[in-house]
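Comments concern the structure below.
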């Protein structure tokens, strides 16, 4: 009996002394503090949950940066038949990652059950000149999700993210007008503007995938009325309808919808939804004017319009 008690005590001490990275995480079993960011996904772990395995993604959220990709993944992860990758993998747009073998990429995916589909999101894929061909080489029939918002607002949001990142890292910052204007003219080579040329990037994707395999989510609508957009995604991914209105609630403090699922409530990280800086009205008109023709070109490519100014 003494030996048995000693062994039980040893197991208990070993469990409680285990460092966090060695503690098993199970699908749907993550513990979230109220308002925590966690999305209930399962990343790489040491021991797979029984009956699970890792797969290449069945669907990829390809972008766009600052278009609402994190919100889309978090909301889609409500669905019990979705297993979402916990981090942005950057396999198809970063050469150093693509040089690693495909097994490395698959190992970045979460464990999933046979009835689940795996979803990865890396916003940089949409604007990458090489990602479409590389993804096509992996799976020519994969279903792609692209979430877009007003391209002018996206530029400002892009600047805002970089601005706060530089502040947090004690690096110098510039006013947005100094980034948007160079030598008295709109700085069309500014990366944030380049990322908002949706027509340019979409042409690259349509060289490798038919439009029917790319579902475009309205990022502006997702912010204010998420359910209809999520229901369209469910249909596109051939998922049974499981996401309902009660999965969302409007957080007055944050100013956007948060998620209610499995008895937990969570909102996106505080870095999401930051207020935009005021922009000189003349510069803003220049930016909108420049993007307007690109927007029209994009509408013609996809056979659909948006309420972008």
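Even glycines carry a Cβ here, placed using N, Cα and C.
Here is what TrEMBL records for this protein:
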type     : residues                                                   : note
SIGNAL   : 1-17                                                       : signal peptide
DOMAIN   : 57-266                                                     : domain 'Sulfotransferase'
BINDING  : 66, 67, 68, 69, 70, 149, 157, 257, 272, 273, 274, 275, 276 : 3'-phosphoadenylyl sulfate binding site
ACT_SITE : 66                                                         : active site, for sulfotransferase activity
DISULFID : 258-267                                                    : disulfide bond
Looking only at Cβ atoms, how many others are within 10 Å of the one on residue 274 (3'-phosphoadenylyl sulfate binding site)?
12
C-alpha spacing of residue 258 (disulfide bond) relative to residue 66 (3'-phosphoadenylyl sulfate binding site), in angstrom:
18
Which of these binding-site residues is closest to residue 267 (disulfide bond) if you go by CA atoms: 68, 70, 157, 274, 276?
70
Cβ neighbour count (within 10 Å, all chains shown) around residue 70 (3'-phosphoadenylyl sulfate binding site):
20
Give the distance between the Cα atoms of residue 276 (3'-phosphoadenylyl sulfate binding site) and residue 258 (disulfide bond), rounded to the nearest whole Å.
20
Largest tally of Cβ atoms lying within 10 Å of a Cβ, found at which of the binding-site residues 66, 276
66
Rounded Cα-Cα span from residue 258 (disulfide bond) to residue 274 (3'-phosphoadenylyl sulfate binding site), Å:
15
What's the CA-CA gap between residue 68 (3'-phosphoadenylyl sulfate binding site) and residue 258 (disulfide bond) in angstrom, rounded?
13
